[in-house]
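TrEMBL has this to say about the protein:
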type: DOMAIN; residues: 114-159; note: domain 'PAS'
type: DOMAIN; residues: 181-233; note: domain 'PAC'
type: COILED; residues: 217-258; note: coiled coil
type: DOMAIN; residues: 260-462; note: domain 'Sigma-54 factor interaction'
Amino acid sequence: MRMSKSTYDVLSTVLDALPIGVVEVHGDTILAMNRVARSLFGGRYDSLAQLEQENALMVSMITTEPNNGNRWVNIDGAIYYRDQLPSDEGKVTLLVPVAYMDLRNPELQELRQKYEDFLEIFHNCYDGIYVADGRGKTLWLNEGFERAYGVSRDQFIGQDARELERRGYAKPLITWRVISTGKRITVVHKTNTGKSVLATGIPLFDESGKVRKVIVNSRDMTELHQLREQLNQAEKNIARYESELERLRRESGTVQIDGFVWKSDKMRYVLHLAQRLAKVDTALLITGESGVGKEVIAKLVHNESDRKEGRLIKINCGAIPEQLLESELFGYEKGAFTGSNKQGKPGLLELADKGTLFLDEIGEMPLDLQVKLLQVLQDKTFTRVGGTTTVHVDFRVIAATNRDLEELVRARTFREDLFYRLSVVPLKVPPLRERQEDVVPLLEHFLAEFNKRHHFSKETLI
């Protein structure tokens with residue numbers, strides 16, 4: 001039934017007097033919008049298509065049937081209860097401000113508490129948070145955003161996001177880029193106060209896949225950048241101090257590293273080379289006479305390598321009888337031979353997994369074991385004595401000897417292929433007679449050690 005113009009005018013006046021939003025639609029046509037609805041929707045519209053061009057979210061609010069999950073809506077920071085009623089012409093959507101609802105309603109009380117909690121969290125979050133709708137209009141911004149960009153929320157609430165860039169507060173602008181691309185975007189803003197702010201724009205989508213809101217999370221990186229620069233400068237200073245300290249030590253005499261005492265250039269070269277080789281995960285052959293410190297150098301290489309969290313496993317190939325050396329290296333299964341451990345025993349190769357295997361006196365290893373060791377170094381696999389299961393290992397091998405392995409190769413008592421496998425990087429430690437500058441520092445070092453051990457003073461012994 002079509003009403004007269006006078007009746008329609010009276011009804012419009014009554015609807016405009018209501019403190020709630022009222023919208024009546026029939027198909028695509030908007031039959032009526034009262035004063036509150038026009039204020040919420042940003043004007044009067046004759047059709048849903050016209051409204052959708054300006055605010056697709058409002059169209060969804062009018063056309064979608066309310067249920068328990070979507071009755072409460074947020075419009076420009078205010079909470080409304082949404083309901084729909086049938087009419088002769090179509091249907092009527094009601095938007096009731098939360099202030100006009102029955103505050104004794106448990107559902108409303110819970111919603112209001114959640115909303116108040118959210119606002120408190122939002123405004124007290126240290127990071128800056130900015131919210132715009134799908135048209136780029138600024139809806140919310142918190143104190144963290146004000147602090148990071150030096151803005152006031154009163155200046156920008158309801159304004160287009162472009163105003164932030166136009167006034168020089170945030171460049172480059174990302175809100176409209178997020179709206180146009182529908183993708184998360186991260187940039188570093190340079191503010192007009194000289195700050196560096198890391199900003200990430202996140203799109204929120206409506207049911208039709210259109211961007212309905214953009215959330216920008218911002219963090220002031222200025223202090224972090226300053227701390228990073230200070231840290232870099234401190235690291236440079238430390239490196240310079242260490243270099244200067246090393247120079248002073250060299251000039252003054254004795255230097256110590258991991259049990260080594262030296263003053264000579266020859267020993268300095270050996271130890272610095274060992275420190276460099278520690279970073280290269282390859283086989284290392286240390287040669288030199290007995291007592292020059294080959295084992296200590298092996299420990300130094302292990303402790304400064306990427307395998308330092310693993311174990312350093314040592315075996316003296318010349319100190320173990322030939323018939324026992326294989327079982328010590330490879331381990332054995334239970335019952336492998338008479339007198340063996342009933343549960344079997346892992347070998348030193350297994351124990352060195354993820355670490356370093358130090359083969360001292362490698363020149364004393366029997367030829368038949370040299371073949372098996374070479375196979376392990378090539379394939380990284382072996383089987384225990386008396387076993388059939390393949391064991392996979394990953395270790396670095398360091399070998400040491402006081403013999404001339406090249407001479408042993410020529411004498412056919414040491415395999416040439418194993419020699420080249422071990423001597424990828426050879427390191428020769430000179431004897432003390434070739435570095436006489438180290439004699440006095442060593443005497444002073446051992447004198448101090450003996451004095452400490454036996455509770456003597458240096459003067460007493462002298």
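In case you wondered, yes, glycine gets a Cβ from its N, Cα and C as well.
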Quiz item: Helix, strand, coil residue numbers for the domain 'PAS' (114-159) per DSSP?
Solution: 22 helix, 11 strand, 13 coil
Practice problem: Write out how many residues of the domain 'PAC' (181-233) are helix, how many strand and how many coil, based on DSSP. | Solution: 13 helix, 26 strand, 14 coil
Exercise. Restricting to the domain 'PAC' (181-233), report the mean pLDDT as a whole number.
Key: 85
